[in-house]
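Single-structure report; data block below.
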Amino acid sequence: MKAPGRLVLIILCSVVFSAVYILLCCWAGLPLCLATCLDHHFPTGSRPTVPGPLHFSGYSSVPDGKPLVREPCRSCAVVSSSGQMLGSGLGAEIDSAECVFRMNQAPTVGFEADVGQRSTLRVVSHTSVPLLLRNYSHYFQKARDTLYMVWGQGRHMDRVLGGRTYRTLLQLTRMYPGLQVYTFTERMMAYCDQIFQDETGKNRRQSGSFLSTGWFTMILALELCEEIVVYGMVSDSYCREKSHPSVPYHYFEKGRLDECQMYLAHEQAPRSAHRFITEKAVFSRWAKKRPIVFAHPSWRTE
């Protein structure tokens, strides 16, 4: 075969292989391929409405390891744990959403007027599981309709070797039959790291960064929700404004850490820190492509 003909054949084979690879990735729903399939990371516009439950392979149930299967949510309220929620009076509005996302041990009792009382999904860091156990009767006995989504890496979450946190989750499902507990799969955790690197240009580990529970919550919400309202999350420029009020880092820990002081300290720390402000800049960019609204404080994406 002549050189020009061989070159054309090589190009055609490459195109066909690439097309087949992308189609297989999308069909299989592999998290590590999603960046190729879904307009870099997340599709533009609202999430397509698909009748019936969907399978989400990035989340694995405890103890059987089955993927998350559930109906998509038409409207979602993502409730920040920030002190911005104090005095908001948005509880009824939050509870009116079809699905309500909460994070870690953020309580509702005593704060219903501001943060609502419903909890559809609670995204929990593996380090926060012991904090929920301090009030296990409330979180796991009374709130039986809540789905718990736990994220974490390393030996504590190891299913095969029985990591400490995983053993705790396993025990909870035995104590409370019917309790819905899921974990982010290893592939999904790697995918979340890759999104951070693609969005910021920085490798998470090499830059000394820990992703926040808010990061994992937003990614989960983007998969499950058609429309998202985020309550109590400030913009990436908020803490640089001279007129911003001082509020507690968590609405349920009054008189403790200041929100902006915490954000700035983590952003400037060289190692082992959350990059809260960087993450908020990323969320702002996502809101340009997806129906995400930020409320209390209300701010527009730039």
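Cβ from N, Cα, C; glycine included.
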According to Swiss-Prot, the cysteine among Cys13, Cys192, Cys225 that forms a disulfide bond with Cys76 is Cys225
Asn135 (N-linked glycosylation site) to Cys225 (disulfide bond) - Cα separation in whole Å: 29
Cβ-Cβ neighbours of Cys225 (disulfide bond) (radius 10 Å): 25
